[in-house]
Amino acid sequence: MDLNPSNFYNYFKECYRLDYKEFTIDNVLSSKYPYKWFATGTEELVAQQLPLIPYPNKKANDLAKEIALYDLEKKLFYGCFFLLGSSNNPLIKDKRICAPLLLFPATLKEIDDDYYISVDFNACDVNRSALSLLEVREELIQKDAFAQQLLEKFVATQNYIGLSGFLEKYVSNVTTEELLLFPTVWNAQKIRNEFKTAPLSEDEFKIIPAAGTVLVEKAASSLQVLNDLTELSEQGTFSTAMQQLLTSEVAIPKPYESYYQSRLNTDQYQALINAHAYENSVIVGPPGTGKTYTITSIISDAVVQNESVLVVSKTKQAVEVLRHMLQTDFKLKDYLIHTSGARYKMSLTAKINRYLSGIQNRKQSSFNAFKIEYLSKQLEKLEAEFEACVQEEIELSDLEFNADLNLLEKWKKFYLKRIVYNGTKIWSVFEKMNTVLLQLEEEISKHTQQKIADNIHRNSHTYRKDISLFHDALTSSSFSEYKRILETVIQKNVLKVFPIWLANLAELNAVLPLEKEMFDLVIIDEATQCDIASALPALYRAKRVVIAGDPNQLRHYSFVSKAQQFNLQKQYQLPEDKIFDYRNRSVLDLFISKVATQAQVTFLREHFRSTPSLIAFSNKQFYDGQLEILKATPEHIQASQLTHILVEGERSKKGINEIEAQAVLEQLQTLIDAYANVSKKPSIGIISPFNSQVVYLKQRLQATFETSVLKRFDILCGTPYQFQGSEREIILLSFCVSKHTHHSAFNHINKPEVLNVAVTRAKSLQYIFTSVQKKDLTPDSLLERYLRFVTNFSHTEKQQPELDDFQQEVIQSLSKYKLDAIHCGYPVAGSLLDILIVHNEQNYFIDLIGYPGIYKEAFTLERYKTLGRTGITTIPLHYSFWQKNKPEAIQKIVAFIK
């Protein structure tokens, strides 16, 4: 497909523009801001730069609950310098305009039962709603430059003395004399009286010294995406990876091996290899399959290779999950820049200062790079030796139980039994193999840390000039100076010292220049939620791309119509192709449909998160039974993890089922009481497919529970859209619908991606609340199927296979030793375990080798590792040794277990 890059980028830019909506704060006095608060007397935070001030808001406690419950959707701001006026919008009843000019992100803190607030001075922004009302004298200054100077002259210098004169000079429709009173501020009553006693005409505004807080709906600043798309259309080129993707060019994989092989399962390791071998690769990660761990392993491995990595997603939540794992599990805090975090520039500046001052981690002289190679070869040798022993055991079994042997076979049987008899060799080799594997893991961890430190140490010397210039840019006194210095910096050299960058897609333009292929690797996580337009600037910055997500989960939501898409396609002379379905196709869909070979797509199969009952429905319904469920040991299935609670509720015209909500809250209270004396509280989530029910539940939560309780149990209440990428130990799921509910509500629930996300968020327990009988549902609809599954699911549906003689002998011998439990033919992760022993809350698998029947063959070494990841320790037991040395075999097994 031959595409014009400029037309391609312009099409997606215009689609994105149609979808774009920014939040506005135009009237803080409005009832839609119930938690507003105005400072009185003297303003202290902005004027005096105090770190925090008392917060005498009567609704502070309710506000704290609101923030805890709506953390993903709302943000607290501290506004300063309010614009007063009258709106000319005929559609609104309240015509008052009371809009803060400056907005500082604010944090509410509780100290000794009193509330305080602090603000982030470095993250101040101009309220776009207020800015749009000002008539800037464009003959003197452009509006964007006006906003930038406003921040540079006053916020950056923390001096507001000249603000009145600045506004008088550049703005024609505002009076500013009241600002001379600052830091004395108007209180709320004085502001309200002003509208009564001195009303202003339309397009006439007054700016007053006032300050206060307002809780507003969050919205990503999409202007930054539009700016990048505009620049891309002007440059008119694709990156190499993007060009290869759009032309479906057959990719030639580059050979690659990694020390991380021992840390990952087969699918995860293949994803890592693909990330290096191909310009474009895809990871399909169903719920709970270790997608985040796989991505962080890919990042760490790339940085070991002295490469730079950019990780982006549509949601800050997805980026935050990755950041946490990179810092805690991989110890990479010193090398990553988290641009979505507060004050990231200050953090970056501090890190650069340390490097320029020579303050770095010392080299670990004890590290031996050659030891990994030695251990790897030793492990390889031991694995080959173990597999050879197993093969000899299988051959001996075939001969031992065959009565009709020829002369050669009789000689081979004698040879295997007498000459090369393994005895305890299998055990000793297996033990050595496990010991070497643990040593290798330890050395790889040392190697990773030291190799990265060495890379950074060397690069900080080689590219010191660019690092120093970058530091000058970050600490410059004005935006124009920042831009001027930044143009002299070779950004790729900076990335050699700070190789890991985490960013939200909407903020990429604000933190990184638009430079073609500046990162060696770009990873887009939760790509199902990412529209193609917002992903394009990140893709342009990539030499290689990894896209991670799940096509069976929720996509982005778009307001662009099919007709609008069609007209734009026609305008930009683009061919008919599904990749231009901006409304319905995510960036994951784009890559799955366009990568040249299936080898570039990795499907993660091992499911780590949930027990069988919590994932089995989705596994069968959406993943063709391909998931291997690892949490299937006895402790995970002794009790039901699914509880269906049927109530006699009705969904109202407003979309609320109050009776069902009450049942949810009662169950929540029961759980809170049950875990009251437990030190580590389980996290709890409340999900409903309908936003109206979620809003009602949040209101009830706020009215019923203390903020401290909500925080202790990490309670999150939301729709499946808000839960995608999240998990909780316990989930309360309110389906809300009742018998007479309109069919459109049932249609929404029966969307595969909605139900799949809703029913796969729980790690341990799930409570399902419904107000409709199964018999009243459309037969074989998704909801009907799910409720039927909940009712009928059993962990022991399949008939247990009969025991063979070898199993019976081992079980009979072990039963004398008072072990907690012994299971035979136990199913775990798609495998049938010969004998599973549970003792002292530990699990042990005895792999019977060599006796004819379904348990004759040994498990693969990869399967042993898989079982190890579930907490199951393997003990191989070969029949030839059991025959000759039964007491010794039993003694060895019991000693290992006890």
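Heads up, the Cβ atoms here are built off N, Cα and C, so glycines get one too.
Per TrEMBL, these features apply:
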BINDING   Gly285, Pro286, Pro287, Gly288, Thr289, Gly290, Lys291, Thr292  ATP binding site
DOMAIN    264-611  domain 'UvrD-like helicase ATP-binding'
- Give the sequence-ordered set of same-chain residues, not counting Gly285, Pro286, Pro287, Gly288, Thr289, Gly290, Lys291, Thr292, with Cβ within 8 Å of the centre of the Cβ atoms defining the ATP site. Asp550, Leu604, His607, Phe608, Arg609
- Task: Could you pull the average pLDDT for the domain 'UvrD-like helicase ATP-binding' (264-611)?
- Result: 87
- Which site among Pro287, Gly290 has the most other CB atoms no more than 10 Å from its CB, taking these as binding-site residues? Pro287
- Which residue, out of the binding-site residues Thr289, Thr292, shows the minimum number of other Cβ atoms inside 10 Å of its Cβ in this structure? Thr292
- Item | Nonlocal neighbours by CB distance (under 8 Å) for Pro286 (ATP binding site), same chain, sequence gap 6 or more | Asp550, Asn552, Leu604, His607, Ser618, Phe622, Tyr623, Leu627
- Query: Residues with Cβ closer than 8 Å to the Cβ of Gly285 (ATP binding site), same chain and 6+ apart in sequence?
  - Reply: Lys291, Thr294, Ala548, Gly549, Asp550, Leu604
- Task: Any same-chain residues 6+ apart from Gly288 (ATP binding site) with CB under 8 Å of its CB? Would you list them in sequence order, or say none?
- Result: His607, Phe608, Arg609, Ser610, Ile615, Glu727, Thr760, Lys763
- Including all protein chains shown, what's the count of other C-beta atoms within 10 A of the C-beta of Lys291 (ATP binding site)? 23
